[in-house]
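Peer 1: If you scroll down you'll find the structure; I have some questions about it.
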Amino acid sequence: MTRPDLNERILSLRKLRLAQCRTRTRRTIERRNGVRLEINGSWLVEFCSNDYLGLAQHFEIIAALQDAAARNGIGATASHLICGHHAIHKALEYELAEWLGYPRALLFGSGFTANLAVQQALLTKENDICVQDRLNHASLIDATRLAGCRLRRYPHLDVDGAAHQLKNAPEGAAMLATDGIFSMDGDIAPLRALSLVARTQQALMYVDDAHGIGVTGPQGRGCIAAAWLSVEEVPLQLVTLSKALGGYGAAVLGSATLIQHLAETARPYIYTTALPPAQAAAALTAIRIARRDEWRRQRLQELVERFRENSRRHGLEIMDSETPIQPLQCGDETTTMAMSAALEREGFLVNAIRPPTVPEGKSRLRVTLSALHTTEQIDTLVQALARSRDALATEAAPVKV
């Protein structure tokens with residue numbers, strides 16, 4: 001018997017990624033000051049983080065984390081069901097449920113883990129089905145595959161497509177899952193229409209609102225609140241503590257029955273050490289600031305509008321997004337990487353997003369905005385984007401003889 005050599009396979013795949021301009025590297029951040037990062041001794045203005053409200057370095061949140069670490073240590077020491085569920089976890093779950101208008105919340109270490117937990121615990125039969133938007137986050141897609149149920153995907157934002165998939169699978173339990181705000185496109189799911197489809201087809205509606213929480217809706221309560229949907233219309237949702245709230249972790253919110261079922265049966269919850277109490281304390285403080293500081297959302301929206309207006313004025317090919325995620329279409333991987341490198345030379349960090357994260361031929365620069373950015377930084381970035389685009393176009397133009 002001759003098995004495939006895994007090392008040879010890895011080397012072959014690496015060569016392919018190099019040829020396709022799809023290798024990935026990590027950048028080491030030496031220091032951070034708001035939206036400014038020091039990398040290799042140089043300071044760059046970043047337009048690529050998810051710190052939408054500018055809370056990651058907020059002094060009140062840092063103080064809450066330090067105080068909780070001094071009292072409780074740096075780790076929970078066990079899973080929630082053993083002896084890792086601290087009073088601060090309980091307080092955070094209560095605050096989340098009260099803020100978002102759900103009966104209960106359940107904490108997880110990350111949004112990826114939470115999505116795995118939800119589908120593994122609820123979609124337990126082979127003929128169960130999860131219907132998803134084609135551009136959903138990878139964790140939602142992987143969760144369905146790992147759960148062992150059927151996965152059906154509909155064209156992006158296509159409500160009729162979602163209904164069609166559910167109608168064609170009448171047997172088995174069903175879930176309709178979607179991102180609230182799509183992380184690579186920045187657009188918002190048609191939640192009201194999708195929730196109606198879910199109820200009509202007797203499917204459980206599940207919304208991953210990782211990028212909506214804190215950013216949109218009344219008091220920053222996210223996409224579901226912005227669409228004026230109730231718990232009955234969206235029985236289950238996920239929020240993260242790591243984007244607009246600036247920390248780490250996630251939570252799933254739903255009815256007491258659903259949440260208790262997850263706590264008792266979801267393997268990624270049962271067999272994982274609880275979120276560090278200090279992180280929970282930081283998240284609790286971040287939520288209170290996010291609820292209090294409406295000016296952060298107002299400021300963020302003003303910057304989004306300014307970026308879009310300036311980009312249109314310079315003829316930049318921005319996508320249709322009214323959120324802090326503002327992708328700029330570049331087409332092929334080589335062009336996208338070249339534009340990212342050109343921006344870095346001008347003092348900006350904007351990541352190139354390439355397949356398989358986005359579809360073939362749709363590589364882009366994913367510009368993300370923070371309430372901490374200044375109007376000058378926005379304007380200067382747009383000018384740099386236009387210059388890099390024009391420079392690349394000049395290089396690609398045929399030479400006249």
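Positions of Cβ are set from backbone N, Cα and C atoms, glycine also.
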Peer 1: Of the candidates S79, S183, S195, which does Swiss-Prot annotate as part of the pyridoxal 5'-phosphate site that also includes G111, F112, H211, T240?
Peer 2: S183
Peer 1: Restricting to the binding-site residues R24, H137, T357, which ones have a CA within 10 Å of the CA of H211 (pyridoxal 5'-phosphate binding site)?
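Peer 2: Matched binding-site residues: none.
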Peer 1: Please identify, from the binding-site residues S183, T240, T357, the residue with the sparsest Cβ neighbourhood, meaning fewest other Cβ atoms within 10 angstroms.
Peer 2: T357
Peer 1: List every residue in the same chain as G111 (pyridoxal 5'-phosphate binding site), at least 6 positions away in sequence, whose Cβ is under 8 Å from its Cβ.
Peer 2: H137, S139, D208, A210, L238, T240, S242, A250
Peer 1: Taking the Cβ of F112 (pyridoxal 5'-phosphate binding site) as the reference point, list residues of the same chain whose Cβ is under 8 angstroms away and which are at least six residues distant in sequence.
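Peer 2: Correct list: S139, D142.
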Peer 1: With the cut-off set at 10 Å between Cβ atoms, which of these binding-site residues ends up with the most neighbours? Options: R24, H211.
Peer 2: H211
Peer 1: I need the most crowded of these recorded positions: H137, K243. Count other C-beta atoms within 10 angstroms of each C-beta and give me the top one.
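Peer 2: Comparing the recorded positions H137, K243, the most crowded Cβ belongs to K243.
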